[in-house]
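A quick write-up on the structure given underneath.
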Amino acid sequence: MAKQSSRELALERRKALSNSGKKSTTLNGSSPNRIRTASDARLTRTDQSFVKAGKESVQLTAPKREQLDTSFVASRESSGASRRQVKTIRNSSRELVLARRDELSRRGQPAAKSKDRTRAEVEKISSKVSQQDAAKKQVNDLASDQKGVDESSSKSLKSLDTVSRLSSRNSTSRPSAKRRSIQNPSRALVLARREAQSKHGKTAANQPTSAASVARQGDPDLSSREISQRVRELRSKSGATGKKRSGACRPCGPNRNGSKQAVAADAHWKVGLSETSTGQVVTGTQANRSSKTTGNEASTCRSITGTQYLGSEVFDTFCQSAPQPGQPLKVAVTNTSHGNRVTGNEVGRSEKVTGDEPGTCKTLTGTEYISANQANQYCGVSQPSPRKVGQSVTEDGRKVSGVMVGRSEKVTGDEAGSNRQLTGDQYLGVDPLPEGRSAEKVGSFNTLRGAGVTGTNVARSEYVTGNEPGSCKRVTGDEYVGPQQYNTFCGGKPNPEAAKVGLSLTNKSQTVSGTLTGRSELVTGDEPGTCKAVTGTPYSGVEQASGWCDTNSVREIQDRTPKLLGTPGAVMTGLQPGVGGVMTGAEKGACEPLTGTPYVGGDQLVQACGSDAPAGSNDHQGSSESSPWTHFSVQSPARAMQLQRDPRSGVTGTSYEQGSQITGPFNMAVDKITGTEQFRFDRKQRHFKSVPVEATPNDVSQTRPESRVTGEGQSAGLNITGDDWDRSERVTGTEGASARRRNPTRPGPMSAMPAADLKRNEEVSQPMSRVTGSSGNTDQGSLITVSGGARG
């Protein structure tokens, strides 16, 4: 029993704390007045002998260990002796905690072997663990210095063996069913729930509340047979009260009251709901003034500071008007420009605060924390800021939120494909595209000569300052500014410069681009050979011949240029693998145009196909004798002699001027008489007229007009009278050669020196530069110029 009261112990403890602090020996050690009795003491691992044995087990010698191996009785005696010797326990929990911390500091987390335990597990383990196992663990840790107690240890060993056998038998045998007294089912259910919560905590509340689960929660060691017995016992007493039903039970008895049955009055709510004067909802126990309660009339209609807990219905019922708030709201509710609600301290502009006027109506980026009501009050219009997270709807009606990647008026380069239907995941909403077109990233305009130019527009603009100088001046070199600049800022566009790269059309209707090598008005010395036909690759266009030559020269140049046509070709002689003959099977594809070397003549193709002949089949048929390719371009001596011999027809004797009119023997007829002329290699077939030639009468009176000139001056058989030199009905005179001799005339003015002939070269002004062939030259600078560019 304790010899000191609790007050004396407290005073002693405080005195020790004031003298030596928390390290006082009176605090760590147990006082003699707090000694446990022998009945309270039991063998634990925090026993002093148990701790000392752990330290002395390291100092065991080899002979002592052999004695422990050969004689197991000595170890049992030590356990019995330790149980007899009851000593004082000095703060065993503190020593256990210190030992555990020491092990954790040395070995770390593996030294922590403690686990979470419940009361059910502790009881289950304590019933199964035998005293024999506890004695074996103590033998391995105790020292061998207790040799004088062999007899007592042997007796204790026998008693321990008997106890262990009994405990092992009891553990192996199945526990018999315990008889329980009849209890109230609801009380048993509550007790089982509390017991389960004490063992398993909050997890026990989530378990089902069936009869079997309740029985298992009360005693987890029950077998399935015992649980079924408990369930049957409960159902035999209470029926199906604990069983869940799918629907409500229908009344089975007669309704005696009928329609006169009164509706049960609703009970008073434990948790009330009211609304403050500022529109906030307050829930909880209602502390409002009530007509059924006396003593709460004071200060009902006064304004108070702090949290408002009275509902607005109190002021409407007992007061004439609502109270005026004396201080700003502690938590304000405002709306952003996009309609989102923001709660907290209101940091906007206020009429009672000065110095916060700058930046009131400016749009800020980032999180919007200023109310839209402020913009309406001080600025007049609320300008919504750009959304950080946009919302849209797809074509199927699904909502899409996030960064909007659609087309915008403030972004360039996203115009391509904006109106196309794409496959895959839809990331654009059904919102209409913005009106108007943004600034073009790649501009398109025309030069002064009409050529198209694409790229970044570097011309003068109304939105850019500093680019006014030189906007209306003419610049040589590559033209990169369109006529829009001259029409907008200069009033008109200048004449285009000489083309650096010209375009021309050859005789074969092919386009040639590059530096033009034809005749030019600005170049002298290139007149010879302008209108001559040149064979080979044409490098001059038809426009050169049309501008400087007559029609005959242009036609000759066009005829001289061969046209490389495919099928059909020119008229061919010899064996032709053509179509339209006696061979069958050649009709397929005969009238289709082919490329390559022509092996079918145009005459044969026209004869076989008719109107289905390809285009250009008659081009070779129109060649005449005057065409350039029908004559030799070089006159050899033999060719010259042949041309002289043909018109003279030096061979006589067989054909005459009118051979068909000659009569005589048959062998002198045409093509029947052989001779030198018919054996010539280059003879030409003569065509004789077989029809008689009609003689034309020479009637002068019908062809010559009637003359009215009479007199002696008549020289042509007519008599001319009068003095008139012109033929008239009333004038007569001389006419003829005599009249011309009598009246000589001059065709024009005569001078001693002949008149100078006007030539074209005198009309052309003298060029400033001695180098010709390019444009943009001056009389200063280098004499060598780059075609199409500035002098350098």
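Note: Cβ is positioned from N, Cα and C throughout, glycine not excepted.
The annotation region 'Disordered' is assigned in Swiss-Prot to 1-259 (among others).
Annotation source Swiss-Prot lists region 'N-terminal domain' at 1-235.
With DSSP classes pooled into helix, strand and coil, the tally for the repeat 'N-repeat 1' (7-22) is 16 helix, 0 strand, 0 coil. Residues or ranges marked as repeat 'N-repeat 1' in Swiss-Prot: 7-22.
Annotation comment: Swiss-Prot describes 17-36 (among others) as compositional bias 'Polar residues'.
Positions annotated as compositional bias 'Polar residues' by Swiss-Prot: 69-82 (among others).
Here Swiss-Prot flags 94-109 as repeat 'N-repeat 2', drawing on experimental evidence. Remark: secondary structure over the repeat 'N-repeat 2' (94-109) totals 15 helix, 0 strand, 1 coil, with classes taken from DSSP.
Under the heading compositional bias 'Polar residues', Swiss-Prot lists 161-175 (among others).
Confidence annotation: the repeat 'N-repeat 3' (187-202) carries a mean pLDDT of 81 in the model. Positions annotated as repeat 'N-repeat 3' by Swiss-Prot: 187-202.
The repeat 'N-repeat 4' feature in Swiss-Prot is assigned to 225-240; the stated evidence is experimental evidence.
Per Swiss-Prot, region 'Middle region' is recorded for 240-615.
If you look up Swiss-Prot, you'll see 270-319 marked as repeat 'M-repeat 1', on the strength of experimental evidence.
The annotation region 'Disordered' is assigned in Swiss-Prot to 280-299 (among others). When DSSP labels each residue, the region 'Disordered' (280-299) comes out as 0 helix, 4 strand, 16 coil, counted as helix, strand and coil in that order.
Sequence annotations record features per position, and here Swiss-Prot assigns repeat 'M-repeat 2' to 330-379 based on experimental evidence.
Tertiary neighbourhood of the region 'Disordered' (338-359): same-chain residues 328-329, 331-332, 368-371, 374, 378, 384-385, 387, selected by CB-CB distance under 8 Å and a gap of 6+ residues from either end. Marked as region 'Disordered' by Swiss-Prot: 338-359 (among others).
Taken from Swiss-Prot, the feature repeat 'M-repeat 3' applies to 388-427, supported by experimental evidence.
Taken from Swiss-Prot, the feature repeat 'M-repeat 4' covers 441-490.
Per-class residue totals from DSSP over the repeat 'N-repeat 3' (187-202), listed helix then strand then coil: 16 helix, 0 strand, 0 coil. Residues 270-274, 309-311, 313-314, 317-318 of the same chain sit 6 or more residues outside the region 'Disordered' (280-299) yet have a Cβ under 8 Å from a Cβ within it. Helix, strand and coil counts from DSSP across the repeat 'M-repeat 2' (330-379) read 7 helix, 8 strand, 35 coil. In terms of DSSP secondary structure, the repeat 'M-repeat 4' (441-490) contains 8 helix, 8 strand, 34 coil.
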